[in-house]
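These notes concern the structure reproduced below.
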Amino acid sequence: MMDQGEEGDEEEAWLQLRPVEPLPLQCCGSGCSPCVFDIYQRDLARWEAARASKDRSLLSREETQSCPSKLSPETFLAFLISAVDRLTEDTYLVRFALPGNSQLGLRPGQHLILRGTVDDLEIQRAYTPISPANAEGYFEVLIKCYQTGLMSRYVKSWKAGDTAFWRGPFGGFFYKPNQYGELLMLAAGTGLAPMVPILQSITDNAEDETFITLVGCFKTFEGIYLKTFLQEQARFWNVRTFFVLSQENSLEQLPWSYRDRTRFGRLDRDLLEELVGSCRRKPFALVCGSAEFTKDMAGYLLHAGLAEDSYFLF
């Protein structure tokens, strides 16, 4: 029989094992299932059951796995960083290794949740791999870092050989070949990410005759991500690319190949209506960018005559 001191120590030991409730900012806000709060409630229930039966073995489970062969929406898995390339002043392209010739198992447009720790605070954010869905032995993620962002501090510390933890896949948009006559892709900044694997899955499939109009919104010409990839894609018969640059004002400063498909300013209601009207078939729109960009585009699309079931907001 334990004395009071031993009971107090035992109680303290159990309290230290209690899962910590996430802060609101630890939720990525992407509507994931399970959400970080769902996982907390599950872990809390497990802890309460273990405490009631005084059986700590009920708490033991595999938190992470090295060299995973299959993704898990609930459990963070460890992936080795094989390369970190700085594309612009604040944007990085990071490659993660997969064992052998294995594939990540995402469908085009799905995303993952990244877990990071800064100042002893666990944070989570959603990112969409830009590598082809059938890429073997690796996957790549485009990440923009912000001066005051907690996750940005974590990402900036990465180097080849480090390990990062991901769970997934998540996402409510599932592309099927020839499902739509034309896809109108509206992307701002790193909102380009979910468009890339969808675009490539179409151009890689000779039997997919979907037209694509990709509109990339960036501050400057130099800030356009993946220029080489986008130039290559624009050579396909069914792909058009346009760019809207908010901090440029001179066509003469742009390469010739960009001058006839670049506008200055912002993607406003009139320009979007013009783009919708220029589509070769009735478009289904995909939108990804900041919350403000996404809200504006949804309103503009409705004004241009697209119903709410004719667009998807990432």
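Heads up, the Cβ atoms here are built off N, Cα and C, so glycines get one too.
Note that the coordinates shown come from a computational prediction; the quantities given were computed from them, not determined experimentally.
Copied over from TrEMBL:
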type: BINDING; residues: Arg125, Tyr127, Leu142, Lys144, Met151, Ser152; note: FAD binding site
type: DOMAIN; residues: 74-176; note: domain 'FAD-binding FR-type'
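Structure with TrEMBL features highlighted.
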residue : record           : Cβ neighbours (10 Å)
Arg125  : FAD binding site : 23
Tyr127  : FAD binding site : 23
Leu142  : FAD binding site : 22
Lys144  : FAD binding site : 18
Met151  : FAD binding site : 20
Ser152  : FAD binding site : 19
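Sequence-ordered, the extra residues of this chain that approach the FAD site, with Cβ no more than 8 Å from the Cβ center of Arg125, Tyr127, Leu142, Lys144, Met151, Ser152, are Leu114, Val141, Ile143, Cys145, Gly149, Val155, Thr190. Residue counts for the domain 'FAD-binding FR-type' (74-176) by DSSP state, with H, G and I taken as helix and E and B as strand, are 7 helix, 48 strand, 48 coil. Across the residues the record lists as binding FAD (Arg125, Tyr127, Leu142, Lys144, Met151, Ser152), the two Cα atoms farthest apart are 13 Å from each other. Within the model, the domain 'FAD-binding FR-type' (74-176) shows a mean pLDDT value of 91, rounded to a whole number.
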